[in-house]
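Here is what TrEMBL says about this protein:
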- CYS70-CYS134: disulfide bond (DISULFID)
- CYS83-CYS144: disulfide bond (DISULFID)
- CYS114-CYS124: disulfide bond (DISULFID)
- CYS187-CYS251: disulfide bond (DISULFID)
- CYS200-CYS261: disulfide bond (DISULFID)
- CYS231-CYS241: disulfide bond (DISULFID)
- CYS347-CYS357: disulfide bond (DISULFID)
- 44-145: domain 'SRCR' (DOMAIN)
- 162-262: domain 'SRCR' (DOMAIN)
- 272-380: domain 'SRCR' (DOMAIN)
- 1-25: signal peptide (SIGNAL)
Amino acid sequence: MRPVSIWQRSPWGLLLCLLCSSCLGSPSPSTAPEKRAGSQGLRFRLAGFPRKPFEGRVEIQRAGEWGTICDDDFTLQAAHVLCRELGFTEATGWTHSAKYGPGTGRIWLDNLSCSGTEQSVTECASRGWGNSDCTHDEDAGVICKDQRLPGFSDSNVIETRVRLKGGAHPGEGRVEVLKASTWGTICDRKWDLQAASVVCRELGFGSAREALSGARMGQGMGAIHLSEVRCSGQEPSLWRCPHKNITAEDCSHSQDAGVRCNLPYTGVETKIRLSGGRSQHEGRVEVQIGGPGSLRWGLICGDDWGTLEAMVACRQLGLGYANHGLQETWYWDSGNITEVVMSGVRCTGSELSLDQCAHHGTHIACKRTGTRFTAGVICSETASDLLLHSALVQETAYIEDRPLHMLYCAAEENCLARSARSANWPYGHRRLLRFSSQIHNLGRADFRPKAGRHSWVWHECHGHYHSMDIFTHYDILTPNGTKVAEGHKASFCLEDTECQEDVSKRYECANFGEQGITVGCWDLYRHDIDCQWIDITDVKPGNYILQVVINPNFEVAESDFTNNAMKCNCKYDGHRIWVHNCHIGDAFSEEANRKFERYPGQTSNQVI
């Protein structure tokens, strides 16, 4: 949850929805449903995947910008009102926690409260338009009754099946296409500017500036759907171009295709600059505020400034990815600029410019005053990209009842549930869900811990230095998203366990060695290592979701944070556990849910 802050309106909002790679593939505003009478100029649509035409993530267009609704306090009554706004007679259900995938841009409404009889969502109570402390992981969705209101035109558009991933700038990235409910990449064989232009135009841009090969925008995961794509450049969709369907032996992800599209000029880069750094890629952040005749440059308060905010600053500057977001910049001279003109800046990471992020507006409030505590960035043209091997989690998951006398080190590292503190040590045991985690770096830069060696912590029990406070979260959730058990890497020893054939290991924890994960290598934590578990001693039998999130606090910059989470269905009967449908990113498909219903040992989808 984010601190309450005031959203600032910006002329770049509409362009943001079109440009940000995380929302590419969405229909452009010109194809959105027409506004409904009584909705006061608002437009509504259903989005996300997988879904049917009468369900999805609710998106609202206001002041030319598409945004979402937070699931806090959301109820079936609110869903009724929204379904009527969308042209359906009523709602049959609603969803939370971005079941249809996270949206982008503004979160327009939070704590939405409706009686269900309102003619428009504008009549419902809320925190106010654009005032939210949520993230897009909390986006609400609705399931409407498949019955239309009389006279309401059905213009609900399902999202065109192409997206860009991993790019540092708007309108660039690795090309991914949707086939058989699965996102996959394109092999770069015969990939050219004509094919790239079809992609750019399909995503709302005019044409392509560059066709990229050799995984220039990082490697994808899973399937490679297309190869030898040959377009004339005039096709309305990439799927209309002649292409070859391939097998795994034909191409590898080191050959993933990408694009850089031509973008309309926005001028956002003229509103920001860096000062005092050793190169053009680093420095104290200065932003321009005011209107004609009163323009001035000022600094940003460093409170809560982090990687996500730095990502937006580097993007606005045209300098690529954020390597670090700095809260203290006393070592960079700010020259004559000493006034702090922006505070409380909190970004989702997808914004086109800092003025589209939440911030305090004209009221400046800093916990730590003085120019030494102002925001700075170090930008880079490359970034890492971590990906969990989800199939390995599924293959290695099992339950162990481990005696307490073997868990003293784990207790010291806070790897057990709270109830373990009151256990009768050293007698008794804890029930642990154990599994292996293999984390690959598929990006274009090594993954390095943010902290320097001087701040690494020596752990006597396990005999090595830990370089990150939190590297991974492990959670057991109920089907409605309530957390019932958690585990985490309280700190972490990062090293190259294994690498691809053509890559050499660079990092090893032993003997106070350098820590990190090299591009093309992976760090393996086996299921039989301490803390590689979730303490489920207090979990009751039932149906749950296993969730693993890498780099959850965004401590280290990556080119793509959307692939850092993995979810699995799991069934626990009090003695055994079945883990299946482990996958990265997108919400559960209907087919997966049907398989969940029939999983061994399960008679229903209800908690026992």
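The backbone N, Cα and C atoms fix where each Cβ goes, glycine too.
Residue counts of the domain 'SRCR' (272-380) by helix, strand and coil are 17 helix, 36 strand, 56 coil (DSSP-based). Here the candidates are the disulfide-bonded residues CYS187, CYS231, CYS261, and by Cα distance the one nearest CYS83 (disulfide bond) turns out to be CYS261.
The Cβ of CYS347 (disulfide bond) has 23 other Cβ atoms within 10 Å, all protein chains considered. In this structure the alpha carbons, written CA, of CYS231 (disulfide bond) and CYS200 (disulfide bond) are 13 Å apart.
For CYS347 (disulfide bond), the nearest of the disulfide-bonded residues CYS114, CYS124, CYS134, CYS144, CYS200 in terms of C-alpha separation is CYS134. Long-range Cβ neighbours of CYS70 (disulfide bond) (same chain, at least 6 residues apart, Cβ-Cβ under 8 Å): ILE107, LEU109, ASP110, ASN111, LEU112, SER132, CYS134, GLU138, ASP139, ALA140. Comparing the Cα of CYS261 (disulfide bond) with the Cα of every entry in CYS144, CYS241, CYS251, CYS357, these being the disulfide-bonded residues, the smallest distance points to CYS241. Nearest to CYS144 (disulfide bond) in space, judged by Cα atoms and limited to the disulfide-bonded residues CYS124, CYS241, CYS251, CYS357, is CYS124.
For the disulfide-bonded residues listed here (CYS200, CYS231, CYS241), the lowest count of other CB atoms within 10 A around the CB belongs to CYS241.
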